[in-house]
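Okay, structure first, notes after.
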Number of protein chains: 2
Amino acid sequence: MSHTSPLKRSFVADLHSLIGQRVKLCGFAETIRDQKHMRFIVLRDPTGKVQLTQAKDAARLTVALDALTPESSVVVTGRVTAAPSVKLGGLEIVIEGAEICGLADARLPIAEDSGLDKWIDHRQVSLRYPSQQLVFAVQTTLEEAMRSFWKQHDFREIHSPKLMGTFSESGAEVFAVKYFGTTAFLAQSPQFYKQMAIAGGMEKVFEVGPAFRAEPSFTSRHETEFTSIDMEIGWIDDHYELMEIEERWLSHAITAVALEHGEAIKQLFGVEAVPPTLPFPKLTFEEAREILERLGHPLGTRADLDSEGERILAEHMAETTGHEFLFITDYPARHRAFYHMRREDRPDLTKGFDLLWRGMEITTGAQREHRYDRLIAQAAERGYKLDALSDYLDFFRFGCPPHGGMGVGLGRILMRLFGTASIREVTLLSRTPKRLRP
Amino acid sequence: MSHTSPLKRSFVADLHSLIGQRVKLCGFAETIRDQKHMRFIVLRDPTGKVQLTQAKDAARLTVALDALTPESSVVVTGRVTAAPSVKLGGLEIVIEGAEICGLADARLPIAEDSGLDKWIDHRQVSLRYPSQQLVFAVQTTLEEAMRSFWKQHDFREIHSPKLMGTFSESGAEVFAVKYFGTTAFLAQSPQFYKQMAIAGGMEKVFEVGPAFRAEPSFTSRHETEFTSIDMEIGWIDDHYELMEIEERWLSHAITAVALEHGEAIKQLFGVEAVPPTLPFPKLTFEEAREILERLGHPLGTRADLDSEGERILAEHMAETTGHEFLFITDYPARHRAFYHMRREDRPDLTKGFDLLWRGMEITTGAQREHRYDRLIAQAAERGYKLDALSDYLDFFRFGCPPHGGMGVGLGRILMRLFGTASIREVTLLSRTPKRLRP
């Protein structure tokens, strides 16, 4: 397409320093007000909004915009003019040329106050709202900062296959794929392959990618497809080393977000982005159980926390420590994956941990059992068919180093950063048992 | 696990400056030589190899390593001792303490000269080979550099869903997934969603993630699952702007690899990593057709290049321009996706392009048709059912800006960087119609 001018594009945020000059602007027509002799348009680009004016007597010029509808995309050239009475920056653009690039339907399918489901149905519109623009700016900054930590610490990036010949975890909640006359399964996590990379001498690896859970669950924090952030680290001494790495990593990433977007988050979501202090508080599962018992929420025979228990604990820790994060460690083995390493002194407990942020689990991690014979024994104890697991078990037959790692939910971190009630407010496109579109 | 010493880990590459000191090393036992009075072990860590020695008369100490097998993972403490006669760095470690962390089976399943299929079968072993360690170090550097370019140019990262309710492209080569009583499809590319992000005002987006093609194809450069690198950019003037961005981006990334790993790539793969000069040569498809005709390889009625044609063109361009890269532009519309924008002056041609590197396609890109009415017409012309495409087509109903983008195959870039014959030599785990494991 040929634009109306060879001028380079300017952005709204820079206009105050361009008074008197001709500029080219690209963006969406947010509002259009046609008066008898004048047309007023508010143009929005990623950096802000500005008023455009067009005198209607210059008949030839106005034609290009006569069909203009709200949210159409336009390219406009004009002169930046001081206009102290205009609320949007005290300036306006006197239009000299204009082109409608994408004409929007006269009737928009949603408004900013439509419900969340409508927002998702019409993502091409709802993504334009300032709060949603911010979500993905923050996501970008957050991941950049995570990666700068990994780079500083010499991690390698891996891309593990999502199509697997066997289940990556229990098999209970796995999607099946027709695969050239056989069946493949969608990876529930990169767990097996990041451990394979460690066995392969890669020492420190990370992956950011999709993970799939065929869970018929409709909570505000579960998706059937989600972005999983995974790390695996070799030559660790124990799971405390993993937690120490995770808390430094998270603090580094949240600090970057707070510095770059703290003000905008506060303005648009009313939430303060506060870099957490180190170290994070830690409780063993048994300590957590005792506290809950004392607070009138006994867990009974449960080997994990229920969401009510998580909430109560978070409240208690916030009161006693002032901290929003809480590691729960040393979970009973019977509730954890078979490959979590057991404590030598208490084989009924694992070297595993969860990380809660304001009472919601955002991480599961553990030192893994890297010794082939013990791993076989732990799988057999669960009644797993060793044949079906043979590819995985083989990873540990040729001298795998001690290691551990964690899986972190990107969407859950964003939920907490923005204080949203649903993961779907911070996800590009939601996938639930009832939603596969758009 | 409790290591044998509270010493901090040292790396082999740093030992020359630690002569006389006690150190702790972690790594794999590459070779073990038991003599009557002495044991010699070559230990390998990510930074190099070193000889360990153990006098056998210190009976108590040798026990820990009596069962040691090649490729077992070990932690060793000992004193760094100058030994000018030792080829590995002129030094050795006199063992004081040792622990076998992961004991390898006495018989390894493969050796470094085993075939590629065996390497893939036993990735936990083949990943340890220096060439494979280098591949993933380079992959990490390459992606880091791509991201630093995106950051400099204010791109946003997106994670689009891989589970779709409709086909992302033609539907011919799509994997079907059982999904709560209905059928989902695995995304062949993030094409639709990166365009949705542009419609949503995100202006510049990128994604790095898996893409799936149910193609029953067994070439050395196709995988059923591969890592796709995608960009989409709003407010472009034409596809030449896209090509100009891509060549700067690639040059930036390849330069980073050449600087950090050029020597190692040359040593292990015999290939020179040369940052390409800008701009890359460009030919329209019609020019390419004429050149091939002249060189005795007429394309006849083909609307695209065959691989032999690609090879001949690459050779010709290398001779005439000295350049390894070649953009082919303005392909006939009938061979390209329906959403590629047409040239105004030649509606039978698209504003699309491919990028070849030494004769292999590594990118397909185009300016997209962003105008709803024209897009509908182009889809209808192909005979597509507009109903099935309605979610996609709706992305363009509310003022989508002009835009374009490209999809780039990570594995193919790595193939060219290392000069390998197969994409499987530079892929963590291959997926083909016949391979779903490990």
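A Cβ is built for glycine as well, from the same backbone N, Cα and C atoms used for every other residue.
Range B:191-194 is the one annotated as region 'Aspartate', of B:79-82, B:191-194, B:235-238, B:339-342 (source: TrEMBL). Going through B:GLU247, B:GLU260, B:GLU361, B:GLU369 against TrEMBL, the one listed in the ATP site together with B:ARG213, B:ALA214, B:GLU215, B:GLY409, B:LEU410, B:GLY411, B:ARG412 turns out to be B:GLU361. Counting every protein chain shown, the Cβ of B:LEU410 (ATP binding site) has 21 other Cβ atoms within 10 Å. Summarising the environment of B:ARG213 (L-aspartate binding site), the number of other Cβ atoms within 10 Å of its Cβ, over all protein chains shown, is 20. Counting other Cβ atoms within 10 Å of each Cβ, the binding-site residues B:ARG368, B:ARG412 show the lowest value at B:ARG412. Sequence-distant contacts of the region 'Aspartate' (B:191-194), counting only residues of its own chain at least 6 positions beyond either end whose CB sits under 8 Å from a CB of the stretch, comprise 158, 160-161, 164, 168-169, 205, 207, 230-232, 337, 339, 391-392, 395, 405, 407. DSSP labels the residues of the region 'Aspartate' (B:191-194) in these numbers: 4 helix, 0 strand, 0 coil. Looking at B:GLY409, B:GLY411, the binding-site residues in this record, the fewest other C-beta atoms within 10 angstroms of the C-beta turn up around B:GLY409. Annotation note: B:GLU361 (ATP binding site) sits in a strand segment as assigned by DSSP.
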